[in-house]
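Listed in TrEMBL for this protein:
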| type | residues | note |
| --- | --- | --- |
| TRANSMEM | 24-44 | transmembrane segment |
| TRANSMEM | 56-74 | transmembrane segment |
| TRANSMEM | 126-148 | transmembrane segment |
| TRANSMEM | 160-180 | transmembrane segment |
| TRANSMEM | 200-220 | transmembrane segment |
| TRANSMEM | 241-266 | transmembrane segment |
| TRANSMEM | 278-299 | transmembrane segment |
| TRANSMEM | 319-335 | transmembrane segment |
| TRANSMEM | 341-367 | transmembrane segment |
| TRANSMEM | 388-406 | transmembrane segment |
| TRANSMEM | 412-432 | transmembrane segment |
Amino acid sequence: MQINSSLLPIMNEKNRILGPKSYVAMWWGDAVMVGSFMLGSSLIPPFGQLNLTQAFLALILANVLAALLFALNGKVGWKHGIPMVVQLRSSFGPIGAKVPSLMRAVPALFWYGVQSWLGAMALNQIFTDIIGFNNVWVWFFAFQAFQIYLSAKGIKSIKWIEIVGAIVIMLGVIYLIFLFLDTFGFEVQETTNIDGSWGIPFWLAMAVLIGQFSALLLNVSDYTRYFPRKSSGKTFIGSHIVGIVPPMILLPFVGILGAAAVGIWNPVDIISRHISNLFASIVILLFIAIAQITTNLVANIMPPVLVAMELFKISWEKACVIVGVLGVFTCPWWIMTDSAFLMFISVVSAFLGPIFAVMVADFYVIHKGNYNVAKLYEVENLFKAFKGWNPAAFIAIGVGTVFSFINVDLSWLLGIIPAAVVYVVVMKVWVVKHERYVSEGMEQSFKNTNHLDLEIQEDVLQKTNTL
């Protein structure tokens, strides 16, 4: 059995290199996403219907709930040390898992390109202001090459970049907020005087804010597998709350300020058009450029890289190069200005909610919070009766997606409960009768798996000891 070493479970504590502080820093570094600015601006006029107080409360509630959902699905990686592509084998089958893996990887690939283009725009504006050199293409290709190099260095390199980046980002965000308030204070004050709404617009905003994490919620195990197993459950959950809530309130708040002040969500455009202080402009633009790197390394590079490794059986380094090149061909200079891109993301998100529901239901309900990890690497025998596919997962996704399309803006939220219920029912009524892996999972918790296929278990664990 050939196993890519980067996909093996990380059980050795010394290789769980993202302690609570590093883990929080990783999320802070990941926070500066294009979508964060955009979603913030969508909450208040001229784009939304909430006032400033309502928007701020929606941000707090939505991000606390999102942090808890991250901890919920991330427990698999924390406990078993496996990445998303392996976790999906349990609920979708070894062949079927390729479908949700691609659905997670493709949006990340597009966002990779978009974030890189935004970073290149920031660098280009800096050098245009300083020396008059104006060529965004040069900076885009240089930016992409640098990110490929950094990502190819591996998780340890990413860890330190995220730690340093988190400090820079938090300082930059705070400075940006004070700069906007100082420059546009009167315009921002006006948003507190509108009535807003505590009705459907408020709850719609909550759903959209949680939905922005729909892709990351699927592959959170890619990160939690590096979180120390010796940490307590409170520390694990607390690290998600501290890592996600503060930055994901501050960053959308920048978008809110931009929308309130000048009706623009993109901070690069706001600075280039409305901020006359050269020093302030350069500092903020540099912060924005650095932030795109920290965000891409975590949210947009790691997921497609691991998926590419699983699908094509290639090394981490080769996958980083391929993903970096594909990021260029997503044509971010075009899709950033095309409304069809946001519709594409919304449509994909309609599937991601049900996928999340299936993953959580499989781990907590079907397998009682414990996977037989060795069996997940015995792919030739997993869901053998269904030729490597788990039909229950795809039936559940189909039903959940139908509910999701009732309202595309609420797609992520609407599909969760129907998908989870259908998955559990179909598994218990049909699949359990034909698949030994599932029936065993429903009978016991696998706290001790020594009686199971010792050869495959020994092979996996022997390789794991070196990780």
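Cβ atoms here come from the backbone N, Cα and C positions, even for glycine.
Ranked by number of Cβ pairs under 8 Å to the transmembrane segment (24-44), the listed stretches 56-74, 126-148, 160-180, 278-299 are led by 160-180. Packing against the transmembrane segment (241-266) from elsewhere in the chain are residues 23-28, 31-33, 36-48, 52, 55-56, 59-60, 63-64, 66-68, 70, 118, 169-170, 173-174, 176-177, 180-181, 183-184, 187-188, 190-191, 209, 273-274: each is 6 or more residues past its ends and has a CB under 8 Å from a CB in it. Against the transmembrane segment (412-432), stretch 388-406 shows more Cβ pairs under 8 Å than any other of 126-148, 200-220, 388-406. Here the transmembrane segment (200-220) has Cβ contacts under 8 Å with residues 33, 35-36, 39, 42-43, 48-50, 54-55, 58-59, 61-63, 65-66, 69-70, 73-74, 77, 83-84, 100, 104, 107-108, 252, 299, 302-303, 306, 348-349, 352-353, 355-356, 359, 409-413 of the same chain, all six or more residues outside its ends. Across 56-74, 126-148, 388-406, the stretch most heavily in contact with the transmembrane segment (278-299), judged by Cβ pairs under 8 Å, is 126-148.
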